[in-house]
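According to Swiss-Prot, the protein carries these features:
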type	residues	note
DOMAIN	1-73	domain 'Core-binding (CB)'
DOMAIN	90-244	domain 'Tyr recombinase'
ACT_SITE	Lys150	active site
ACT_SITE	Arg211	active site
ACT_SITE	Tyr243	active site, O-(3'-phospho-DNA)-tyrosine intermediate
Amino acid sequence: MRDRISAFLEEKQGLSVNSKQSYKYDLEQFLDMVGERISETSLKIYQAQLANLKISAQKRKISACNQFLYFLYQKGEVDSFYRLELAKQAEKKTEKPEILYLDSFWQESDHPEGRLLALLILEMGLLPSEILAIKVADINLDFQVLRISKASQQRIVTIPTALLSELEPLMGQTYLFERGEKPYSRQWAFRQLESFVKEKGFPSLSAQVLREQFILRQIENKVDLYEIAKKLGLKTVLTLEKYR
């Protein structure tokens, strides 16, 4: 089973050397505890061992292990899609949401539409409804800006450099996400997003949580709350105060 760690990491082409080392350490420790035969019982024992760690460390290890477990399930190495959960008592101790390790979102996916939706929310803080309404005419790749129109209001947001290559192939369309030159429905968007986050080992992530991750990353980068509110199209910073 230990050799599957290398195979798992080989599929994560977008990870840095340090990130791969972190994954390798966590997964080797995981296999040391659960042994060669993964079962509900061995996973419960492993979860119990994590209880004394900091919440951030627990979340990191659980995230890495869940991605690895999903990889094993996809490859037919295990007969069920096992999944670790953060202990309820640990969840209650968490006063503020924490930044999740989502580097895997930049890697290739069998759900490219869901991947792009996730990246637009995570990197720009956009709502699914805003994304579905985006027309290619609203995008200027040269100046790295996007015009968001909502009701009678408009705002201009900066497109991160990393997203330019993701958007460029779609510039010949009418809408960013379309079928027959018409935008997809919200239900379609949520299905695509759901399939993508499940593929990456984060089945509980929603558009709301990804938008929250955008906010947390902005705050970590010392961006002013008023500037964050402007990027999100919020009229006040009241809903952002809890993230201080």
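Note that Cβ sites are derived from N, Cα and C of the backbone, with glycine treated the same way.
Taken through DSSP, the domain 'Core-binding (CB)' (1-73) splits into 56 helix, 0 strand, 17 coil. Mean pLDDT for the domain 'Core-binding (CB)' (1-73) in this predicted model: 87. Using a 10 Å radius centred on the Cβ of Tyr243 (active site, O-(3'-phospho-DNA)-tyrosine intermediate) and all shown protein chains, the other Cβ atoms total 16. In the three-state DSSP scheme, Tyr243 (active site, O-(3'-phospho-DNA)-tyrosine intermediate) is classed as helix.
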